[in-house]
Amino acid sequence: MAAEANLGGDASPPNNNKARKPDADDAAKIGGGHRKLSLVPLIFLIFFEVAGGPYGAEPAVQSAGPLYALLGFLIFPFIWAIPEALVTAELSTAMPGNGGFVLWADRAFGPLSGSLMGTWKYVSGAINGAAFPALCADYLARVVPAVADGRPRVATIVTFNVALSVLNYTGLSVVGWTAVGLGLASLSPFLLMSGIALPKIRPHRWGGVAQEKDWKLFFNTLFWNLNYWDSVSTMAGEVDRPGKTMPKALVSAVSMTSLGYLLPLMAATGAIDAPPEEWGNGFFADAAGRIAGPWLKYWIEVGAVLSSIGLYSATLSSAAFQLLGMADLGLLPRAFAVRAPVFNTPWVSIVATAAITMGMSFFSFNNIVAAANFLYSLGMLLEFAAFIWLRIKRPEMARPYRVPGRLPSAVVLCLVPSAFLVFVMAIAGWKVYAISAAFTAGGLGVYYLMRFCKARGWLNFGTGQEGVVYYQHQDSSRNAGLV
């Protein structure tokens, strides 16, 4: 996008032939006059990119007992979720364009790093998203047994995928406000359960521990339920006034997500006597039935379906706008940045991502899911490195939100979550290493193939400048506003 483009919306034309320098509000207008994401829908989109409710937290109790599960969901946000959210807030407001972490790695270390980051995070997100259509079919099968297998199951997964792809096509504002409704509907039964459980809670039950602890399952459960905070960064160019909105949304989402896990766990583990072995996936519904009756059990099961819808929709949005951002950087063909004429959404990227996730939905791939977590960890290590390096390389870059402290504090902020990432990667098996190496090799192959096609003129690529925005104070004389 040319620097002389009118990014100011209703602003008056510049005088004396001197172009006005764009600020964060200007960055938010890139891509046309379509409606931008405001604070409330952005909070719920982040919520669904990370959690979608306490569904899936049960194995933390099963693997270690109530005491460690409560401590884990109390402490882990401080050592993982908050650092990742803070890094996301600083970098996504400093460079409020689409692509997020791909853009950060590209600007810190060059296009090869950006492309590898894109591969790692996209594969991880696509595999993670592929679980939700199948999960929705599994929950529906409890009510309608006919969809448990065969053609009805296939039809359910395809319908789920197509319907939410159409929803994403209509725009992020629609997706965001849909997420608000889905979030309230999926969280409300847990709020009711917590209130009804209050007089039945016996605090001594919170001190229970499992006789045989599975620490690998415990830490993987915490990690799986509290990661992907940076996914919202791929849509930063679609956010209204990102310099102010993104930090507020991230703080609110971290608080809502943490309490959304902790309060139901406290209520259920404190109100009923259930050994840790019973706490498998889906046990929250059984716990609600014991606390309040079958009606609340069924409501939580319905809430699980609604949560799956929100999780898939948010994941699809993030992945599609990541492809758009990579096309803006010239890492993928320009076709992935093509927007729909009415809704201004990246329809090619939406269709491509939906097709990939739908294909994966029909397979059982435990090792590939573990590899996706490994690739996500690689991407996060590169993301933390980009955060530190940009503090060193670009100290003058305007940052509407800046993580408090100087460089040593920033390094310390990243050390603890990085150590945890290394731990998660170290306990992975050789199959995970092999699959992750194959995906990484594939990512390298895609990068060099794109370079070859660009050099030969076989595909149409962007210049690497479109849509790439740096935050710029209007009164600052440093940095280029658009590069």
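Heads up, the Cβ atoms here are built off N, Cα and C, so glycines get one too.
Fair warning: this is a prediction, and the values are worked out from it, not measured in the lab.
Look at TrEMBL and you will find 1-27 tagged as region 'Disordered'.
The transmembrane segment annotation in TrEMBL covers 37-55 (among others). Within the same chain, residues 81, 172-173, 175-177, 179-180, 182-183, 186-187, 190, 225-229, 231-232, 235, 238-240, 245-246, 248-250, 252-253, 256-257, 260-261, 264-265, 284, 303-304, 307-308, 310-311, 313-315, 317-318 sit at least 6 positions outside the transmembrane segment (37-55) and bring their C-beta atoms closer than 8 Å to a C-beta of that stretch.
Look at TrEMBL and you will find 67-87 (among others) tagged as transmembrane segment. Proximity of distant same-chain residues to the transmembrane segment (67-87), defined by a Cβ-Cβ separation under 8 Å and at least 6 residues beyond the stretch ends, is recorded for 50, 57, 60-61, 206-210, 213, 218, 222-223, 225-227, 229-230, 250-251, 253-254, 257-258, 261-262, 265-266, 269, 380, 383-384, 387, 403, 413-414, 416-417, 420.
Using a Cβ-Cβ cut-off under 8 Å and counting only residues 6 or more beyond its ends in the same chain, the transmembrane segment (177-198) has close neighbours at 40-41, 44-45, 47-48, 52-55, 167, 260, 263-264, 266-268, 270-271, 284, 287-288, 291-292, 296, 299-300, 303-304, 306-307, 309-310, 313-314. What TrEMBL lists as transmembrane segment is 177-198 (among others).
Outside the transmembrane segment (249-272) by six or more residues, the chain places 39, 42-44, 46-47, 50-51, 53-54, 57, 60-61, 66, 69-70, 73-74, 77, 81-82, 85-86, 88-89, 187, 190-191, 193-194, 197-198, 200-203, 205-206, 208, 225-226, 229, 232, 284, 287-288, 290-291 with a CB less than 8 A from a CB of the stretch. Under the heading transmembrane segment, TrEMBL lists 249-272 (among others).
Positions annotated as transmembrane segment by TrEMBL: 298-321 (among others). Proximity of distant same-chain residues to the transmembrane segment (298-321), defined by a Cβ-Cβ separation under 8 Å and at least 6 residues beyond the stretch ends, is recorded for 44-45, 48-49, 52-53, 55, 98-99, 122, 125-126, 128-129, 132-133, 135-136, 139-140, 142-143, 160-161, 164-165, 167-168, 172, 175, 178-179, 182-183, 185-190, 192-193, 231-232, 234-235, 237-238, 282, 284-285, 288, 345-346, 349-350, 352-354, 357.
Under the heading transmembrane segment, TrEMBL lists 342-362 (among others).
Annotated transmembrane segment per TrEMBL: 368-390 (among others), in sequence order.
Taken from TrEMBL, the feature transmembrane segment applies to 410-427 (among others).
Marked as transmembrane segment by TrEMBL: 433-450 (among others).
When each of 342-362, 410-427, 433-450 is scored by its Cβ pairs under 8 Å to the transmembrane segment (368-390), the top-ranked stretch turns out to be 410-427.
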